[in-house]
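A.B. asks: Can you read through this structure? Questions will come right after.
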Amino acid sequence: MADNLRRLVSNEALRSLQDKLESWLREYNANSCDQNLNHCLELIEQVAKVQGQLFGILTIAAQEGGHYDGVETIKSRLLPWLEASFTAASLGKPVDSKVPSLQDTFDKDRHKESGTRDIQQLDADLSATRNQLNQVQDDMAETEKTLEEPKNRSAISLLAAEEEINQLKKQLKSLQAQEESRHRNSDRRRSEKRGSERRRVELRGSEQRVSDLDRRSANQRNAEAVCDYEKQLRTLKDEIAVLSAEKSVLQGRSARSRSPSPAPCSRSHSRSRSTSPSSAKARTPSPNRAKLSSVARKAALLSRFSDAYSQGRLDAQCLLRRCIDKAETVQRIIYIATVEAFHVAKMAFRHFKIRVRKSLTPSCAGSNDFEDAVSDYIICHLDLYDSQSSVNDVIRAMNVNPKISFPPEVDFCLLSNFIQEICCIAFAMQTLEPPLDIAFGADGEIFNDCKYRRSYDSDFTAPLVFYHVWPALMENDCVIMKGEAVTRRGAFWNSVRSVSRCRSRSLSPICPRTRIGLGMISRSRSPSPIRCGLPRF
């Protein structure tokens, strides 16, 4: 093969072929057709000779490779070229490199075969994985069954063990009871023997103890009697001092003015004056009340006020509903009673504080803690407040109030307990620092969500208050407890006409000469629509 290749290299056929092509190109236009054909055939013959030599070299090279070497190269290089050459020769077209060759088809077929093999391999792997998954699931089910069996066995054994333990406990208890009964019997016998011996010894010592106790009891009785006599003597002296102070005060007032005053006309101060102290030592302060701090008293009063709203108000409504069918009238009556009770209690507190100041002045004059002493005395002696007189004043004020429309057979004395509780709460609230008071409320005012909450039967879109159900509790300008109000649209103007025609069951507040009229006129506070003769819009 090397010799043939050497001959081909040494042969100058390829070099002369290039020279012939160049000369033919120069003479192509000048030559005739036959001359051009002859030149072309000569070139083809020369190329055919070169191809023959190359095919010989190819054959020898393939033989040197054996049976299998070089097969892929021939398939990939020679066969596609031959296919394209023969196809182009048969069609009379030049060889085009873009025409798909056998190599491309072979490559495509090979890729298709490899793709199908891969798909088959993947299908086989997937089926194997599924088989493994099914096997694992079966194994899990079997393991669950195998685990449940020992669980059930252990549960059964546990129940059996518990039953055995319970039986053993019962047996142990029975044995312990038997042992205890035996010990008790033996202890009883021993205790009886010891008791008989102790009784003998105690009988001997009891005689001596009885004699000693008789002596001690006689001495204690004598000492207690002496203490009682001393206490009675002190109380008598204090009462004498109180009476003498009251007498001097009354004499001084009668000497100053003979005309009757509005304050003594009411019974709200008669009882408290009769029991007014002349000095801070007239009545010993209650230890339970003295220990209460301002915060504790405030919390207790707030709780009482809340109970009065939640329970006392409902009880009063039940009492009034027996005589009055209209719920609006009942709620108005209770609200007015609460407002009047606060007003009367505040007035009573002012008078009570003035009297305490006068009674404490001789002993505490010039003291820096005089006001503190007055406040402490009032806190410790809240039981001196004449609440029943305040109740009577509240009922009288309600009888002349033109806001309340009611049948003549209803008596406001039904609300005495409720009014008394409100008066006591309001009186005690004045002892706080700062004092608590109810908020001013007027029918037809703009509803304030911070002070009041609407009742269940209200119109929640109405901006004005139709009437109040319960007042709000205030500390200075801060709301401590919200009140309750009813809001309705268009109902306030109708209520104004009905209120102007309502009846009064007692004397008119316009009469200036009556006792009730003087008491009402003497009140000094901001005008309220509840007390005005005409409704306020």
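Even glycines carry a Cβ here, placed using N, Cα and C.
Sharing the features that Swiss-Prot gives for it:
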REGION    1-273  region 'Interaction with YWHAG/14-3-3 protein gamma'
MOD_RES   S85  phosphoserine
COILED    115-253  coiled coil
MOD_RES   S127  phosphoserine
MOD_RES   S154  phosphoserine
MOD_RES   S157  phosphoserine
REGION    171-221  region 'Disordered'
COMPBIAS  179-217  compositional bias 'Basic and acidic residues'
REGION    249-293  region 'Disordered'
MOD_RES   S286  phosphoserine
MOD_RES   S508  phosphoserine
A.B. asks: I'm trying to understand the geometry here, so how far is the Cα atom of S127 (phosphoserine) from the Cα atom of S157 (phosphoserine), in Å to the nearest whole number?
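C.D. replies: Pair distance, Cα basis, whole Å: 45 Å.
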A.B. asks: With every protein chain in view, how many other Cβ atoms are within 10 Å of the Cβ of S157 (phosphoserine)?
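C.D. replies: Here the count is 11.
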A.B. asks: Around the Cβ of S154 (phosphoserine), how many other Cβ atoms lie within 10 Å? Please give the count over every shown protein chain.
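C.D. replies: The answer is 10 other Cβ atoms.
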A.B. asks: With DSSP as the reference, give the number of residues of the compositional bias 'Basic and acidic residues' (179-217) in helix, strand and coil.
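C.D. replies: In the compositional bias 'Basic and acidic residues' (179-217), the DSSP-based counts are 39 helix, 0 strand, 0 coil.
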